[in-house]
Amino acid sequence: MSKLPPPPVQSSPQGFQLPSLHSVQLKPVRPPPQPTQQQLASNTSPREVGTSLSPQSPSNNINPSSSSSSPSSSIRQSPSSSPNVARKVPPTPTNNNGGPPTTTTTTTTTMPPPPAFIKKLSPSSSPILPKRIVSSPPLNGNTAPPPPPIVHLPPPPPTNLPPPPTLSPSSSTTTSPSSSSLNLSGGVPLPPRILRNSDGSANNNNNSNNNSNNNINSLNLSTSGGIPPPPSFFNNNNNNNNNSGSFVNSASSNGSPSLQSQNSVGYFKPPPPPVPTRSASLDPKQMGQFIKPQQNQNNSNNINNINNNNNNIILPPPPNININNNNFVPYIPSNNNQQQSTTPPPIVSISPLKRNSIDNSVVNKRLSQDLNTMLVNRLQHGLSPPVATPFFDDKILGSASKSAELKEKRDQEERERRERERIKKEKEDSEKKEKKEKKGKEEQEKKDKKKKEEQEKKDKKKKEEEEKKSKSSSSSSSSSKKSSSDNTIVNQNIFNNTLSQIMENQRDAQSLSPSSLPYPLILKLLTESIMSLNGPYTEGIFRITGSGTEVNRLKKQINEHDFSLDTQDPHVLAGLLKLWLRELVHPIIPSELYNDAIKSRSKEEVSRIISLIPDQNKEVLNFLIPFLKNVSQPHYAQYSKMDIDNVAMVFSPGLLRSTVLTTDLLLNSQYEKDFVKCLIEMSP
């Protein structure tokens, strides 16, 4: 199967391209073929003469009477091609007289010849189209008919619009024709020109004396632009024209006619006169700050300057001039060709008007003056702003006596004020002082009361100790005087009792038994129980207190002479031993020898003090000191952490006690420990 040759590559079109209408992008088309002389003569398009595919030739001269529509083609157009929209022929322009417009003969531009690959078609021939290439065979064996070919037709050519109007003057440039004699090539007449005089009325008369005011230079609207350039305003320095404003066409320098008017109305108006500032307050000080008008001479000079610069400008009357005044005559400048023979009338003095700040209406002058006078009088007689010294003003007082009286009164008020401040300050100082003294007195009373209470407590305690001492001495003497036949026991307690009473009770109880002990039985029971429970090997023995409930239970049981110690805690038994020594009514070392004991520094002094104590007390020491020395041995101390110093520190309060409370108890405790340590070291 032979391959079809590729379609010829078309070159870029060389003709014109229509602008897009209604947002439809038109494709460029090839230039139409050049029309023949016969077609030009008959003013017909090639579409009517030739084929249905050749585009319409543009015609330079449009005949309104000849308008024909091309027949519709039988070939199906592509969806992308532009629709064949019928275009209306523009209306025939007419001139001012109602006749056909005046046209100018223009040279027809010759279109370039069509490309070589475009073949001319006859009405009976069909267009040559490239063959359709089928990319895939049909599904069935039957051969399907090929789809109709798609022909891309060029869009219809645009309707030739008439050329822009060209102004052709019918006469020479020396004499300007009227607006009615001007002819436009496009058929559009120029608007009539209305000239106005200095008084504002229309000037329709032609004055031969001043050709510049009544004649219009020839207008030339060239075919390139069709619109004259904008005028420019300048001042002519010619004395004959009186500095009148002129409008000159900028194209006049190129030789074309220009439009000038020396008596035209000025385009620029002078700025409005300054409006004086208004104050919203009735204060005369602020009301006096209005912008006052200048002097008459300055105003006349300014207005003369304005008149000399712009004679053709009619200024309106100033807003502050009373027009109803008979002296006011508006000044109107004369014509340009006439000299000024009269001087302007005198300027009426301008006075600022008082206007309402709400609706900007003029206030009644007389009423305003009355209000201003009333306000000034009120301000001068008692409503002046406050001064350094309130309530009074020296300006109000007219005589010197009143001023002196006022000054004296002020001085008196100042003295009274200072006196009140001084009294108030003294009163405050006295109150502060009294309050401070009262507070110090209360603190001193509290201190005295506290000291008194402490002294009472000391005296009461000392008295109680003396009573106890006297009572114990009397009881001991009475017990010694008892007959042997009397078997009554005064105190059977073992704790909180004297050593002599405990030994007497113990002898009475041991009379029934064959053996007797020289020291209390409780010492033997407690020390043996501690050794049986491995007390010396228990860490912190005699230093760690046992259970308080167990100690109280066993204490009550021993006081009832029940010596069955049913406990397995060596700390409870060690606590009972220390408690018995502390609760003795008289300590083992008598209180009379306390000061000598803490002052002893050698073993001889300690031996001398021991020789002075009673025999029963010596028996207790002879039993207790060897036991303490045994417990503090080094082979026990490595387990119990209780060496001789620690043991002496624990038992010194039970062996030595002072009956007088002093502040040197902590210092004396060290001396007590040294005394007990010396006793333990002296033990065999």
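All residue numbers here begin at 1 and follow the chain in the order shown.
Using the three backbone atoms N, Cα and C, a Cβ is placed for every residue, glycine included.
The annotation coiled coil is assigned in Swiss-Prot to 399-473 on the grounds of sequence analysis. In the predicted structure, the coiled coil (399-473) carries a mean pLDDT of 87.
Feature annotation from Swiss-Prot assigns compositional bias 'Pro residues' to 1-10 (among others).
The feature compositional bias 'Polar residues' is assigned by Swiss-Prot to 11-23.
The feature compositional bias 'Low complexity' is assigned by Swiss-Prot to 54-84 (among others).
Annotated compositional bias 'Low complexity' per Swiss-Prot: 94-110 (among others), in sequence order.
As annotated by Swiss-Prot, compositional bias 'Low complexity' applies to 118-131 (among others).
Look at Swiss-Prot and you will find 144-167 (among others) tagged as compositional bias 'Pro residues'.
Per Swiss-Prot, the feature compositional bias 'Low complexity' maps to 168-188 (among others).
Taken from Swiss-Prot, the feature compositional bias 'Low complexity' applies to 197-226 (among others).
Residues or ranges marked as compositional bias 'Low complexity' by Swiss-Prot: 233-264 (among others).
Summarising the annotation, Swiss-Prot assigns compositional bias 'Low complexity' to 293-311 (among others).
The compositional bias 'Basic and acidic residues' annotation in Swiss-Prot covers 404-470.
Look at Swiss-Prot and you will find 472-486 (among others) tagged as compositional bias 'Low complexity'.
Summarising the annotation, Swiss-Prot assigns domain 'Rho-GAP' to 497-684 and lists sequence analysis as the type of evidence.
The region 'Disordered' annotation in Swiss-Prot covers 1-283 (among others).
Residues or ranges marked as region 'Disordered' by Swiss-Prot: 292-311 (among others).
Under 8 Å, Cβ to Cβ, and six or more positions away along its own chain, R543 (site 'Arginine finger') finds M642, N646, V650.
According to DSSP, the compositional bias 'Basic and acidic residues' (404-470) comprises 67 helix, 0 strand, 0 coil.
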